[in-house]
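Asker: Let me give you the structure first, and then I'll get to my questions.
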Amino acid sequence: MKQSTIALALLPLLFTPVTKARTPEMPVLENRAAQGDITAPGGARRLTGDQTAALRDSLSDKPAKNIILLIGDGMGDSEITAARNYAEGAGGFFKGIDALPLTGQYTHYALNKKTGKPDYVTDSAASATAWSTGVKTYNGALGVDIHEKDHPTILEMAKAAGLATGNVSTAELQDATPAALVAHVTSRKCYGPSATSEKCPGNALEKGGKGSITEQLLNARADVTLGGGAKTFAETATAGEWQGKTLREQAQARGYQLVSDAASLNSVTEANQQKPLLGLFADGNMPVRWLGPKATYHGNIDKPAVTCTPNPQRNDSVPTLAQMTDKAIELLSKNEKGFFLQVEGASIDKQDHAANPCGQIGETVDLDEAVQRALEFAKKEGNTLVIVTADHAHASQIVAPDTKAPGLTQALNTKDGAVMVMSYGNSEEDSQEHTGSQLRIAAYGPHAANVVGLTDQTDLFYTMKAALGLK
């Protein structure tokens, strides 16, 4: 069916005056598992009835009190499908990612810095800048346009309006997606003072700039910041008020509550501007959920299919993405004005780069559990916009079991008891590359209808800004 036909079909729903969404369970929208035996006629159907009324009931144009934005880094349709096939089966569904009632697709190109023309394959920095500021920029830039001009982020605007703010990631907190909310630098590589002096000197404190990503993160002072990246906090400030002190010492002196494991995170009962929370759970990126062999040349033919195994480094001392999401919501929801929270499942992308299907799939399952927590809160609270999307598409493909692919492959045993082959073949280098196909965006709650149809990544900024009534 053409997109124009779908859009026309939705027009009566989108223009029906609705001021308040109904909150009872809507199984026709939320339960999308196959109805029965997939070998029987109708058994693979996911619809249990007409969804027109349920879609209408899900619409709301009232202001949102809270927004929870969940990003699957590198989570294109292929990554979602592969994870669903493996973990839930072909007829299964994700209770978070697949349960949001309103779905669309968005474009996500970057810009060439010199020409201003489209760069059809974005990186995470330009991508996150697009939804956090509403401005297209060049690959590698954070919080600035192609002319290197700063633009305020949705987190900065929410904080200025008195809302609580949160920034959660399984990556280093200096990595592109979390950094885009709090930093304005000409290169995403400027994690700490030393790298900033070398790679983006105009941003360095000694040159009158705003400092490194980590220094700007501390200045942004989100109420809750959770992730990896502890290593950079050991660097010493080379200029400014905190010159000679490590960034960790600076955080402590400025009143941050520092936690480093699941138990200490669990013990925190409040986080606000007087006592912001900074959780650093790894020197670099946080450990992934599942392990398995990387794809190799003709790996699906020369090697047996495998089942992914738990990562022993992801023990009980390491909070999961769902646990970090839960704690962030618990703490931020104490602000009567509301909150903005971004949650990133970062290593879908990183494991896709590494051609590691088990790593990639496990991180997608992790994100789904975080989405479930966000939806549970939103349905109970009644005034929260939940959005789930990605920053860019990626390299993995599902191919036939006997394919002699020119790239790297690995066979997996799925929940169905069948074999699924993952293929990675868009780079001869050690790292696979991003791709430029449009991405899924789905939402629940006030203003969720604005993700329907074809939008651009920058539209997400304006949708969130309008939903929260930010100026």
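Glycine too: its Cβ is placed from the backbone N, Cα and C atoms.
What Swiss-Prot records for this protein is below:
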ACT_SITE  SER124  active site, phosphoserine intermediate
BINDING   ASP73, ASP391, HIS392  Zn(2+) 2 binding site
BINDING   ASP73, ASP175, THR177, GLU344  Mg(2+) binding site
BINDING   ASP349, HIS353, HIS434  Zn(2+) 1 binding site
DISULFID  CYS190-CYS200  disulfide bond
DISULFID  CYS308-CYS358  disulfide bond
SIGNAL    1-21  signal peptide
Asker: Would you mind checking how many other C-beta atoms are within 10 angstroms of the C-beta on GLU344 (Mg(2+) binding site)?
Answerer: 29
Asker: Check the Cα-Cα distances from ASP73 (Zn(2+) 2 binding site) to the recorded positions CYS308, ASP349, HIS353, CYS358 and tell me which is shortest.
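Answerer: Answer for the nearest of the recorded positions: ASP349.
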Asker: In Å, rounded, how far does the Cα of ASP349 (Zn(2+) 1 binding site) sit from the Cα of HIS392 (Zn(2+) 2 binding site)?
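Answerer: On Cα coordinates alone, these residues lie 9 Å apart.
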Asker: For CYS358 (disulfide bond), what residues in its own chain, 6 or more apart in sequence, show a Cβ-Cβ distance under 8 Å?
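Answerer: CYS358 (disulfide bond) has long-range Cβ partners TRP290, LEU291, GLY292, PRO293, VAL306, CYS308, THR309, GLN351, LEU412.
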Asker: Should any of the recorded positions THR177, CYS190, HIS392 have a Cα within 10 Å of the Cα of HIS434 (Zn(2+) 1 binding site), which are they?
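Answerer: So the list reads HIS392.
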Asker: Below 8 Å Cβ to Cβ and six or more residues apart, same chain only. Which residues does that give for HIS353 (Zn(2+) 1 binding site)?
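Answerer: Long-range Cβ contacts: GLY74, HIS394, ALA395, SER431, GLN432, GLU433.
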Asker: Once the DSSP letters are reduced so that anything not helix or strand counts as coil, what is CYS358 (disulfide bond)?
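Answerer: It is helical.
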Asker: Comparing the disulfide-bonded residues CYS190, CYS200, CYS308, which residue's C-beta has the most other C-beta atoms within 10 angstroms in this structure?
Answerer: CYS190
Asker: Filter the recorded positions SER124, ASP175, THR177, CYS190, CYS200 down to the ones within 10 angstroms of ASP391 (Zn(2+) 2 binding site), Cα to Cα, kept in sequence order.
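Answerer: Those near ASP391 (Zn(2+) 2 binding site) - Cα within 10 Å - are SER124, THR177, in sequence order.
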Asker: Using C-alpha atoms, which one of the recorded positions SER124, ASP175, CYS190, GLU344 comes nearest to HIS392 (Zn(2+) 2 binding site)?
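Answerer: Result: the closest of the recorded positions to HIS392 (Zn(2+) 2 binding site) is SER124.
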Asker: Excluding ASP73, ASP175, THR177, GLU344, which residues of the same chain place their Cβ within 8 Å of the centroid of the Cβ atoms of the recorded Mg(2+) site?
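Answerer: Leaving out the recorded residues gives ILE71, SER124, ALA128, SER169, THR170, ALA171, ALA176, PRO178, GLY345, ALA346, ASP349, ASP391.
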Asker: Quick one: which residues besides ASP349, HIS353, HIS434 have a Cβ within 8 Å of the Zn(2+) 1 site's Cβ centroid, in sequence order?
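Answerer: Going along the sequence, the neighbours appear as ASP73, GLY74, SER124, LYS350, ASP352, HIS392, HIS394, ALA395, SER431, GLN432, GLU433.
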